[in-house]
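Data block below; observations after.
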């Protein structure tokens, strides 16, 4: 098994399943969809976009999800989102954007390679960006007391 954050050479950590996002990052497939590229992050138009400009951004190193990613990889991905969002604001005139991410099966992660979806939004576009998830049984204060993370040193 590859070590955490190791450069991907075509497979997911199981070593037997091809990783499409690694192939895109390496330029082996879908080069015509790539709209952003640095040494550490690749961005490409989603194959089935939910809106004009719907872009997937992924690190060029293979990390299964955000739990698996070194801090540097997460920072690189965030910087890429910020850069591309600014570019889209200037070039396509987007008024805002949704940033979607899923880590793990319970969150419905569909591709086992860390990625985020940047979905440009335009005033009056009619897209619903925040689905109702139901009301939790606890108050916000009760949740906060259970979720409090100790200060880091």
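The chain as shown is numbered from 1 upward.
Placed from the backbone N, Cα and C atoms, the Cβ positions cover glycine too.
Keep in mind that TrEMBL annotations are predicted by a computer and have not been checked by a curator.
TrEMBL assigns the feature motif 'Histidine triad motif' to residues 113-117, out of the candidate ranges 108-112, 113-117, 118-122. Sequence-remote contacts of a segment are chain residues at least 6 beyond its ends whose Cβ falls under 8 Å from one of its Cβ atoms, and for the motif 'Histidine triad motif' (113-117) they are 8, 12, 19-22, 46, 50, 54-59, 62-66, 68-69, 73, 77, 81, 98-101, 103. Residue counts for the region 'Disordered' (127-153) under DSSP, helix first, then strand, then coil, are 8 helix, 0 strand, 19 coil. Reduced to three states, the DSSP call for residue 115 (active site, tele-AMP-histidine intermediate) is coil.
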